[in-house]
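Under the heading transmembrane segment, Swiss-Prot lists 9-29, 44-64, 68-88, 143-163, 226-246, 260-274, 289-309, citing sequence analysis as support.
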Amino acid sequence: MLFATLEHILTHISFSTISIVITIHLITLLVRELGRLRDSSEKGMIVTFFSITGFLVSRWVSSGHFPLSNLYESLIFLSWALYILHTIPKIQNSKNDLSTITTPSTILTQGFATSGLLTEMHQSTILVPALQSQWLMMHVSMMLLSYATLLCGSLLSAAILIIRFRNNFHFFSKKKKNVLNKTFFFSEIAFFYAKRSALKSAPVPSFPNYYKYQLTERLDSWSYRIISLGFTLLTIGILCGAVWANEAWGSYWNWDPKETWAFITWTIFAIYLHSRTNPNWKGTNSALIASIGFLIIWICYFGINLLGIGLHSYGSFTLTPK
C-alpha cells in the first residue's frame, strides 16, 4: 500500500510538473521578453526526471522485477527515456534544440499513462511465466530506448520537410510572425543575426535562404545522429529478443505481429541510413523516409498493443466495456 501511494504521488507530480513546463515553454515562445522563464522550465524537467526515476525504482522494489511488464509501465519508461534525450545537448554544451520535441512528447506519453484508460494496469502484478527472464530488462529497455530515439529523430526530419516546403518563408516579416517561427529551429535566427557583420556584402533577399539552409543542415545533422543511435539500440533490442525467444519458445524468429513490425521498422531506418551514403538522397529524400518511420514506430509499439494479438499480447491495452 505504501509503494502504491508513493507511485501515485510521484506519477502525478511528474505529470503536473511537465504540464507547467510546457506552459512556460509556450509562454516564452509567445513573449520573448520572458525568456528567463526557460531556466524555470529546465528545473521543472529535472523535477520530472527524478519523479519518474523514483516511480520506476519504487515499482521495481515493490514488484521484484524491472517495471516493463505492461503498456502502462512501458509508457512511463518511454517518458523517462525522452528526458534522457532532452539532456544530450546539455552534456555537449550546445543549444537544446530537442526541447520543443522532447517536452511535448513527454507530456503526451505521461498523460496517456496516467489517464483512466490504463487504470487496470496501475497496480503491479506478478510476471507471467513468459516474462520471468533476465532478458526482460535488456530486451524491452533497449526497444523502448530505441523507440524514444527514433521518434525524436523522425520528428526532426519532419521539421526539415516543413521548413523546406513551407510557402512564403520569411524570417523578418512582421505580418507573419507566429508560433512556428519562434520554435526551437527558428530561434537560431538570433545566433546568425548576431554574426550578420560577416554577411553585410550579401543582398537582403538572400538572408532567408541562408538561414533556411543553415537551420535545415543543423536539424539534418541532429536527426542523422539521433536516428543512428536509435537504429543501434533497435538492433541490439531485436537481437536480445531473438535470443530470449529461442529460450522461451524454441525459435529465434516466429513472425509474430510485433516481430514483423519491428523488422519493418528496422528496414525503414536501415534504408534511411543507407540513403545518407548517397549525396543525392541527403536532405529532403532521407527526411521523407524518416518521417514514414515515425508512423511505423507507432504501429509497432502502440498499434499491436491495441490489437492484443500474437505472442507479445501480454500487458496489452484493451478497452473494457462499462
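In case you wondered, yes, glycine gets a Cβ from its N, Cα and C as well.
Cβ atoms under 8 Å from those of the transmembrane segment (226-246) belong to residues 85, 133, 135, 138-140, 142-143, 145-150, 152-154, 156-157, 252-254, 259, 262-263, 265-266, 269-270, 272-273, 290 of the same chain, restricted to positions at least 6 beyond its ends. Tertiary proximity for the transmembrane segment (143-163) is limited to same-chain residues at least six positions away from its ends with a CB under 8 Å from its CB atoms, namely 68, 74, 77-78, 81-82, 84-85, 98, 101-102, 105, 169, 180, 185, 212, 215-216, 219-220, 222-224, 226-227, 229-234, 236-238, 241, 262, 265, 269, 283-284, 286-291, 293-294, 297, 300-301. Using a Cβ-Cβ cut-off under 8 Å and counting only residues 6 or more beyond its ends in the same chain, the transmembrane segment (44-64) has close neighbours at 3-4, 6-7, 10-11, 13-14, 17-18, 20-21, 24, 73, 76-77, 79-80, 83, 86, 103, 106, 110, 124-125.
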